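Colleague: Per TrEMBL, the feature domain 'Anti-proliferative protein' maps to 57-77, 103-122. Summarising the annotation, TrEMBL assigns compositional bias 'Low complexity' to 134-148. For 134-153, the entry in TrEMBL reads region 'Disordered'.
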Amino acid sequence: MSHRHSHRHRGPRADMVPEIAAAVGFVSGLLRTRGCVSEQQLQVFSGALREALTEHYKHHWFPEQPSKGSAYRCIRINQRMDPLISRAAGHVGLGLSQLLQLLPRELTLWVDPFEVSYRIGEDGSICVLYEASSSSSSSSSSSSSSSSRPAGSCGGMLTCKNQLMLGRASPSKNYIMTVSS
């Protein structure tokens with residue numbers, strides 16, 4: 001979110017790598033925990049979703065104004081499945097009814113420059129999956145470490161949400177509310 005980072009980035013495609021990796025890893029992790037999808041299917045799904053998000057965000061990525069286009073980049077499940085997720089799931093033969101059983105009924109995933117966060121349920125707490133810090137040495141080296149983090153964070157998801165519910169306010173909450181209004 002900070003403007004300090006923008007000078008380090010060259011092209012819009014390179015910018016999106018860690019953010020998209022975090023989002024894809026999170027959704028794949030949700031599918032993995034249900035145990036109904038094979039590792040091979042997950043790999044194909046992840047690749048298809050990564051391509052779909054990269055294409056979808058290509059002209060809607062503004063590191064100098066991270067909140068611009070946030071609603072367009074938002075991945076949403078709200079009784080209806082986000083079309084990008086269902087298209088990627090189609091590559092591995094997962095139908096809409098299966099997806100609705102495997103994924104939360106209410107999920108909002110915000111994929112913005114320098115921050116990826118999610119909320120499960122309409123009134124759930126917002127949890128940050130990926131946040132670029134000013135201390136990261138370079139955008140390319142942070143992408144490899146961050147891409148493995150989201151998939152593993154699935155187990156720690158409840159702890160993260162519980163911490164937020166126990167009174168530690170999320171720094172993103174006000175920012176996200178103003179973007180979605």
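Positions of Cβ are set from backbone N, Cα and C atoms, glycine also.
From a predicted model like this one, the values you see are computed outputs, not experimental measurements.
Mind mapping these onto the model and telling me what they sit next to?
Modeller: Averaged across the domain 'Anti-proliferative protein' (57-77), the predicted model reaches a pLDDT of 95.
According to DSSP, the domain 'Anti-proliferative protein' (103-122) comprises 0 helix, 13 strand, 7 coil.
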